[in-house]
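Have a look at the structure below, then the notes.
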Amino acid sequence: MSTLYIAGAWQAGQGELFHSLNPVTLHVLWSGQGATAEQVDHAVQAARQAFPAWALLSLDQRIAVLDAFAVSLKAHADELANCIGEETGKPLWESATEVTSMVNKIAISVQSYRERTGEKSAPLGDATAVLRHKPHGVVAVFGPYNFPGHLPNGHIVPALLAGNTVLFKPSELTPKVAELTVKCWIEAGLPAGVLNLLQGGRETGIALAANPGIDGLFFTGSSRTGNALHQQFAGRPDKILALEMGGNNPLVVDQVQDIDAAVYTIIQSAFISAGQRCTCARRLLVPEGDWGDALLARLVAVSATLDVGAFDQQPAPFMGSVISLEAARALLDAQRHLLANGAVTLLEMRQPQPGAALLTPGIVDVSAVANRPDVELFGPLLQVVRYAGFDAAIAEANATQYGLAAGLLSDSEARYQQFWLQSRAGIVNWNKQLTGAASSAPFGGVGASGNHRASAYYAADYCAYPVASLETGSLTLPATLTPGVRLS
């Protein structure tokens, strides 16, 4: 089976055989062999050969190809949404919004490029100071499984727009979505070698990251893999590395008037996408006392009624499955570990269908757990911590190595100002779900959540490097020579 796309041609992988599965039915959706180190090297060479011609195209010419890609996405929107839902387990209503985000990324990226990395000039004495940007060259993009279309797209589109050529290594859990996306690029008329698809698992990723022919690597995924890449690129200032990783994100609840609004926002923050968004709330900080008790009682009651089901279930569920049976089991193990160390179950996370990766929402009070593990539990398991005062809540929110997202639900603007000033996170929301983000804003965090290369609207920054120039059309002597210089 031809699973790799290199130099404008489909070819069979020669590496390890792997499959993707529907996480609920466990039916095989895609099967193929990954790329070997030799095939990775062939793809890098193809991207290098394609780079000069692609980079020399005008910006408008590259935009035309990107616009054609958007047209192709729209034409295949239903097929792509179904593919995303089937391979990730997320409901069709949600996978359809992912395709819409992929389409919208084109215009957003063009706007961002012009604003952040376009051309600017200003007079400076008898010359003109000009700022332009150049592409890095050949870049690798490592995509995640939770948004297998939208998140790789967030790197690939601005990288191509800037004039780079790309080697795309998707998650081995979502190869079918990647293949369909690349076919849309082909339909858009992208020249051979400009985008190459390298399917495979860990060995393929290691070979690509280690290949000396790449000029940069853009990664979205786990902190563990991101840290390994950061160590691998240590001592290589000649290569650009952009890491977008996860978080142990806190959502602080103040004593608000509308408890139902708070409950709805908490659910949208913690359980949407079955808790598989980088910005999902992992820790819910609730005030001690009767009001906090009432909030948690209402949250548990509503969360227990959330519909969980297969991606194509009708009526549509709120939550689909997590990505795999292995992931579901790991989350259930994490819940058992917390309970064994003093956590109290408020709402048990369950596996309603044996042999399927469906999980119901779980809520556990970990206030009494000593040395709580500072890890990202990537699923629908929310940890509650009770606090005695607002200063203590902020301290608890910041008690993490991560720094991706933090949020406050409060009727007090003064408290939000304090929270914003003292929070250490790249995304800080007030009375909005943590999983909401503006397309016109950067997306990224600090600490173990990234390496200060925010993506989304700021992706243009790491896709090109600035070139500053002083220019004048004629070479003339200055009116006054520098002291000590004699020309006669």
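Placed from the backbone N, Cα and C atoms, the Cβ positions cover glycine too.
The active site annotation in Swiss-Prot covers E244, C278, and the record cites sequence analysis as its basis. The NAD(+) binding site annotation in Swiss-Prot covers G221, S222, S223, R224, T225, G226 and is backed by sequence analysis.
In sequence order, F219, N227, A228, M245, G246 are the same-chain residues whose CB sits within 8 A of the CB centroid of G221, S222, S223, R224, T225, G226, the residues recorded for NAD(+) being left out. Of all the Cβ atoms in the protein chains shown, 15 others lie within 10 Å of the Cβ of S222 (NAD(+) binding site).
The separation of G221 (NAD(+) binding site) from C278 (active site), Cα to Cα, is 9 Å.
Remark: of the binding-site residues S223, T225, the most isolated position is T225 (fewest other Cβ atoms within 10 Å of its Cβ).
For E244 (active site), the binding-site residues whose C-alpha atoms fall inside a 10 Å radius of its own C-alpha are S222, S223, out of S222, S223, R224. For the recorded positions G221, R224, G226, E244, C278, the greatest number of Cβ atoms within 10 Å around a candidate Cβ is found at C278. According to DSSP, E244 (active site) is assigned to a strand segment.
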